[in-house]
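Participant: Here's the feature list from TrEMBL:
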TRANSMEM  226-242  transmembrane segment
DOMAIN    248-374  domain 'SSD'
TRANSMEM  249-270  transmembrane segment
TRANSMEM  276-299  transmembrane segment
TRANSMEM  320-340  transmembrane segment
TRANSMEM  352-377  transmembrane segment
TRANSMEM  608-627  transmembrane segment
TRANSMEM  647-671  transmembrane segment
TRANSMEM  705-725  transmembrane segment
TRANSMEM  731-757  transmembrane segment
Amino acid sequence: MMPALLDRYITCVLRFRWLVLALASLAMLAAAAGLPGLTVSGSYRVLFGADNPHLLAFDAVQDTYSASRTALIAVAPRDGSVFTRETLDAVEQLTEAAWLTPHSVRVTSLTNYFHSEAIEDELTIEPLVEDAMSLSDAELDRVQAIALNEPELVGQLVAADGRVGALIIDFILSEPEEPAWEEISNYLRGLLDEARAAHPDLSYFLTGNVILNQTFEDAGKDAEELIPVVFFVVMTIAALLLRSVYAAVAVGIAVVFVVLTAVGVAGWLGTMLTPISASVPIIVMAVGVAHSIHIVTTAQAGMREGLERNAALAASLRENMYPVFLTSATTAIGFLSLNTSNSPPFHVLGNLVALGVLFTFIYSVTLLPALLSILPLRPSRSRAGRAGFFERLGDFVVARRKPLLWSGLLVVAALASGLPRNEASDNWLHHFDERYAFRTDTEFIVENLTGLDRLDYSLSSGSEGGITEPDYLRKLEAFATWYRAQPEVLHVQAFSDIMKRVNKSMHGDDPAFYRIPEERELAAQLLLLYEFSLPFGADLNDRIDIGKSSTRMTVALDNTSTKEHLDIDARAQAWLQDNAPDLAGPASGFTMISAHLSDRNVESMLRGTILATGLISLILLLVFRNVRVGLICLVPNFVPAAMAFGLWGYLSGVIGLGASVVVAVAIGIIVDDTIHFVSKYLSGRRQGLSPPEAVRETFRTVGPALWATTAILVAGFLVFASSGYEPSWTLGVLVSITIGIALIADVLLLPALLMAVDRKDS
């Protein structure tokens, strides 16, 4: 904007401040009217794009077999065994009550498991336990012997040591599923509360993908609860740093306008929020306050030097318009790079924050100065001490620039050496901390019974009715046997086990016949007989397709990471290619699609980060019109991310969903301080100051604002550390570390580099 035009603009804003306030209010209210258009979803499906090939493969399996919407309840007696009358009776009662769960279509438990056996040459299929309280000791021993020797039960409905039993509830849900998740979760939690009261000697644990979905939904609500906390924290810090209640009020009003406008526009666009994108208001709030600080602090400095309030505001706008515009642009570019992510919620997060940054700039140069002109703003009298500190810091940096430069580079190298220790991996259970019952319950179930991470394989026989072909069944059996030998596996559910059990039952329960039938016709007859004998709700639709051409094998894994999921499937695919290439097919299920997402998201965000970095670097080179200075500016922007992730490599080393986007988020924010510092430095150089003098002047004028914006941003993002949702926690902590390191780099490393390179007229 040309100087004369800028002066006219500033004059209009300050002269017609009430009109500016009215127009800004109308714009905000019009945008905020769109808030009802926002929708919220906690479904894990929203993490994946509609055209995600792994999601499409998952849907194909769900369409072929009955959909896998389940909840699992584990029962653990304190006396150490589930095979007592009292415990089995409690499981029986719970099984009956579970049939009343909304949307349930099947309940399978240790007690109602349909055990097949031969009685006088007839196949008899009956529940394993009926009327548990009437069982004799011998009958209890029989139930225990059957259960602990049945592959279909051990590791699924009963622990191998008999200390935990379980029941699984299957559901059919119609779209939208979200209301059903809460309905089901509330019913089951109420049911378990009643069970605990009736059986205080038993412990109950609840998990399953329906419960997981509801937990994602709860995580989104937790993020919403952080919004007032962040507002209170950043506004308190702003008031303390600005030493002016009126200045803090003006900044607070401007930030509220920004958040309501950005989120309201999102509502008009019909945006769907998720636990990830629900943090948009928090980030916009922190960034908005930080951007406003520069205008306020510069105006206060002008008033301390004797300028009248409006004159100080005009000088502040004149000095900060260009830097604030640049910082808004670079921050927006950083967040827009999230569109390279493979997960749509990050697209929403990036786009909405970028939109919020745009509104932050607009309100910062319209509403904020109008408010400051209306409110009785006075210069703070305690800023001199803080300015004096930065003057002394500037003197120190100038005097010790060489030691600071070399020691800084050594620290950078030391921390950056941790970068190779990081690896792309994730653990979806660990997305929730121990305050979520889902986390603690699932950990108990994984450690004592079965795993929540499951791989589904749809294994085709190649022909209609081909699943009773002995050769197909033998290959299926071999594949299941191979999987059971893998250390990560807790349970394998394969159709071949059913055929072996029925074959044994039809041969007088002779253990020698626990094997695949020798002939296809016999196998087909056994399957038909078995299916006809099953009661309502116990069919095989979740295991075999309607044309009997393929079967579904499910592998339950221990508590493993997404990296391990990809590794074990790669080994499985290699086994299939070597031993049963005609059966080979991709693994599916939430476990696999999330593993691929985690892996691909790191790669896509690396591309996005490179793109954002390139664009921001180009902007800096064009803006400063000095190649050397522009290149130097890149150092304090890249070094903090390298140092933060190097430190992360030593502390954690896991780059999951939250950590994968940190650099893209942080790069646009941390460049702000660099722009303000270098802009002021170059302004001093153009006024004839030597590099050391320009550095001292920059510390005196810009230093307090850099400290204030960093404190506010770090505090705002650190609020995420109180979140129980790990991606939000990781994002907040890593971005806070990066911003903190960036300030150190800007006040220690950047000046030393500028003075080392910019020697002209020194």
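Even glycines carry a Cβ here, placed using N, Cα and C.
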Participant: Averaged over the domain 'SSD' (248-374), what pLDDT does the prediction give?
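Facilitator: 88, rounded to a whole number.
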Participant: Can you work out which residues elsewhere in the same chain, 6+ from the ends of the transmembrane segment (731-757), have a Cβ less than 8 Å from its Cβ atoms?
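Facilitator: That would be 279, 393-394, 397-398, 401-402, 404-405, 408-409, 412, 628-629, 632-633, 635-637, 639-641, 643-645, 647-648, 658-659, 661-663, 665-666, 669-670, 673-674, 677-678, 681, 691-692, 695, 698-699, 703, 706-707, 710, 713-714, 717-721, 723.
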Participant: Where among 226-242, 249-270, 320-340, 647-671, 705-725 do we find the most Cβ pairs under 8 Å to the transmembrane segment (352-377)?
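Facilitator: The stretch I would name here is 249-270.
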